[in-house]
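S.K.: For reference, the structure I am asking about is given below.
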Amino acid sequence: MLIDSYDRVVDYLRISVTERCNFRCQYCMPEKPFSWVPKENLLTFEELFLFVKVAIDEGIRKIRITGGEPLLREDLDKFIKMIFDYAPDIDLAMTTNAYLLKSTAQKLRDAGLKRLNVSIDTLKPEVAFAIAGKDVLKNVLDGVNEALAVGLKVKVNMVPMKNMNAQEIVDVLEYSKKRGMTIRFIEYMENKFASKEISGLKSDELLSMLREHYEFVDEGYDGASPSRYYKMSDGYRFGIIEPYGDDFCKQCNRIRLTAEGQLIPCLYFDEALSIAKSIKEGDIVAASEVLRDVVKNKPEKNRWGGEDGEVSTRAFYETGG
């Protein structure tokens, strides 16, 4: 079992298989980076899987595949099958923008993927274009429909932004609700790579807008989930992810691995340790030691909240949020 210095059990590994993305979302990466990491610098799926086995043996029980956009990496379904075959009881999920999902959903399901988180920030094509930098909405919605059709469980993520999509929170909630998908509204996480024009809705503003349409009660946090959940009078639940809240980090159970082999204890901070050398050399003992060191050095909380809140210098497209 992996336990950090604040007595939090760390059992969730997020793996970014690529930093590349086919969107240029305003809140993440509106401009193309000066250069992508050369593909030869990325760990192969076999190397990533070697570390996955180490992590599972040390106590990891949930794995999420992220990017960038993970579906841009060729043969992703084969990597998922490696994990599933080794540990079929692992909670195996993926976060995607769904642009390429229609043609890949069945393969992912057959490989052992169980759940998806999909970003749907709007239901208006012109707003989707403004957010993502290209015409994406039809592909995204077609991908979601296909994922549901093949039996994948889907959650929706939405980042409400003033003067852009905030007026659509009810529409996207209803879209999700009618299809049996939980929606989580995510407060915009300030970072130096995002557009300077963005102003995100805070949770109190969001709740005030939703109360004009619904009655609901606060159910609090669901285990180690980053979402605070609310239950509507008809039983439907929606979540709000509040990185600025005092309780956001209290039960954090996750670490992140980049495609280059950097193991990151916290989304907010730049600090990381590399497992690349030990994995390439097949040194399982050394890789386990790095894993335990990263868990031991997880910070208590991020620095978004409070009067002295800071802007993160982390490139979220490298770590998958």
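Positions of Cβ are set from backbone N, Cα and C atoms, glycine also.
Quick paste from Swiss-Prot:
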| type | residues | note |
| --- | --- | --- |
| DOMAIN | 5-227 | domain 'Radical SAM core' |
| BINDING | ARG14, ARG64, THR95, LYS155, ARG254, ILE255, ARG256 | GTP binding site |
| BINDING | CYS21, CYS25, CYS28 | [4Fe-4S] cluster 1 binding site |
| BINDING | TYR27, GLY68, SER119, MET189 | S-adenosyl-L-methionine binding site |
| BINDING | CYS249, CYS252, CYS266 | [4Fe-4S] cluster 2 binding site |
S.K.: Fill in the CA-CA distance, TYR27 (S-adenosyl-L-methionine binding site) to CYS252 ([4Fe-4S] cluster 2 binding site), as an integer in Å.
M.R.: 23
S.K.: Distance check, please: Cα of THR95 (GTP binding site) against Cα of CYS25 ([4Fe-4S] cluster 1 binding site), rounded to an integer number of angstrom.
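M.R.: Cα-Cα distance, THR95 (GTP binding site) to CYS25 ([4Fe-4S] cluster 1 binding site): 15 Å.
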S.K.: Checking the contact step here: among the binding-site residues CYS21, GLY68, SER119, CYS249, CYS266, which have a Cα within 10 Å of the Cα of ILE255 (GTP binding site)?
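M.R.: Close binding-site residues: CYS266.
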S.K.: I'm checking region-level scores; what's the whole-number mean pLDDT for the domain 'Radical SAM core' (5-227)?
M.R.: 93
S.K.: Have a look at the binding-site residues CYS25, GLY68, MET189, CYS266 and say which one has the shortest Cα distance to ARG254 (GTP binding site).
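M.R.: Checked the binding-site residues CYS25, GLY68, MET189, CYS266; minimum Cα distance to ARG254 (GTP binding site) goes to CYS266.
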S.K.: Can you give me the Cα-Cα distance between CYS25 ([4Fe-4S] cluster 1 binding site) and LYS155 (GTP binding site) in Å, rounded to a whole number?
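M.R.: Cα-Cα distance, CYS25 ([4Fe-4S] cluster 1 binding site) to LYS155 (GTP binding site): 19 Å.
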S.K.: Starting from SER119 (S-adenosyl-L-methionine binding site), work out which of the binding-site residues listed here (LYS155, CYS252, ARG256, CYS266) have their Cα within 10 Å, and give them in sequence order.
M.R.: LYS155
S.K.: Cα within 10 Å of CYS21 ([4Fe-4S] cluster 1 binding site): which of the binding-site residues ARG14, GLY68, ARG256 qualify?
M.R.: GLY68
S.K.: Provide the number of Cβ atoms within 10 Å of the Cβ of LYS155 (GTP binding site), excluding the reference atom itself.
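M.R.: Its Cβ shell of radius 10 Å holds 17 other Cβ atoms.
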S.K.: Name them in sequence order: residues not among CYS249, CYS252, CYS266 whose Cβ is within 8 Å of the mean position of the Cβ atoms defining the [4Fe-4S] cluster 2 site.
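M.R.: In sequence order, the nearby non-listed residues are PHE248, ARG254, PRO265, LEU267, TYR268, LYS298, PRO299, GLU300, LYS301, ASN302.
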S.K.: Anything within 10 Å of MET189 (S-adenosyl-L-methionine binding site)? Look among the binding-site residues ARG14, ARG64, LYS155, CYS249, CYS266, comparing CA atoms, and list what you find.
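M.R.: Cα within 10 Å of MET189 (S-adenosyl-L-methionine binding site): none.
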S.K.: Which number gives the other C-beta atoms within 10 angstroms of the C-beta of CYS25 ([4Fe-4S] cluster 1 binding site), all protein chains shown included?
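M.R.: By my count, 21.
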S.K.: Return the residues near CYS266 ([4Fe-4S] cluster 2 binding site) by Cβ distance under 8 Å, restricted to its own chain and a separation of at least 6 in sequence.
M.R.: CYS252, LYS298, PRO299, ASN302
S.K.: Return the maximum Cα to Cα distance in Å (whole number) over the record's S-adenosyl-L-methionine-binding residues: TYR27, GLY68, SER119, MET189.
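M.R.: Max span of the S-adenosyl-L-methionine binding residues, Cα based, is 16 Å.
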S.K.: Restricting the comparison to the binding-site residues CYS28, GLY68, CYS249, which residue's C-alpha is spatially nearest the C-alpha of ARG14 (GTP binding site)?
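M.R.: Out of the listed candidates, the nearest Cα belongs to GLY68.
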